[in-house]
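Taken from TrEMBL, the feature domain 'EF-hand' covers 54-89, 90-125, 145-180, 181-216.
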Amino acid sequence: MGGTLGKPKSPRQVWIPETKLEAKMVEAMQRRASQGTAMKSFNSIILKFPKIDESLRNCKAIFEKFDEDSNGAIDHEELKKCFQKLEISFTEEEIDDLFQACDINEDMGMKFNEFIVLLCLVYLLKDDPAALHSKSRMGMPKLEATFETLVDTFVFLDQNKDGYVSKNEMVQAINESGERSSGRIALKRFEEMDWDKNGMVNFKEFLFAFTGWVGIEDEEEGEATSEEVIPVVPVYDTDKRSLECSN
């Protein structure tokens with residue numbers, strides 16, 4: 001997502017959001033970055049994966065509440081109706097943008113992992129005191145710590161605080177682990193985030209990759225249990241003090 005301005009060889013390019021929603025994400029993330037981050041290393045993030053996985057799976061009850069026809073996906077009308085019921089103050093255009101952004105498979109319905117991304121975007125975009133009531137009715141207070149960890153992680157990776165994560169920033173973050181193969185791991189993780197292959201990752205792309213890293217699957221693919229987490233993430237070995245990529 002986004003486009004770049006300036007000559008290809010210019011030392012600092014400015015990345016321009018392609019949509020209003022992306023611009024709002026960037027603005028919100030830059031505002032959040034001004035508060036700093038508690039994350040100190042990529043390894044500290046990895047150690048939080050199990051707790052994050054458990055918390056995100058607890059979103060299932062919220063998902064089922066939104067999925068009124070119980071077909072395993074939330075369509076546009078269901079999303080609009082539930083936002084109205086929960087008194088979440090999004091305009092018609094904002095609801096359309098959110099749905100389009102989170103329906104990553106473009107099948108006119110948000111699966112569970114796509115819904116998690118939507119919830120986290122709502123959390124990021126509705127960070128004002130007036131939104132507390134809406135968050136409470138969505139069950140977000142119970143998820144607030146997890147969503148804050150995800151925001152904090154992105155802030156940590158986005159070292160120049162422009163609202164995007166570049167390949168160099170990802171490599172630098174993982175290189176700090178000191179593992180010999182950290183460069184290869186960083187490039188793999190970046191490729192998983194940069195699904196449109198434009199060289200920059202926004203918060204939405206990061207969230208989709210992160211749900212995969214912790215093991216959240218589509219319903220169509222079957223739901224992983226805590227013992228069956230998808231082994232596609234780097235694993236921190238506390239005995240060997242190294243960062244590895246499990247296969």
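The backbone N, Cα and C atoms fix where each Cβ goes, and this holds for glycine too.
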Over the domain 'EF-hand' (145-180) the mean pLDDT stands at 87
The domain 'EF-hand' (181-216) resolves under DSSP into 23 helix, 2 strand, 11 coil
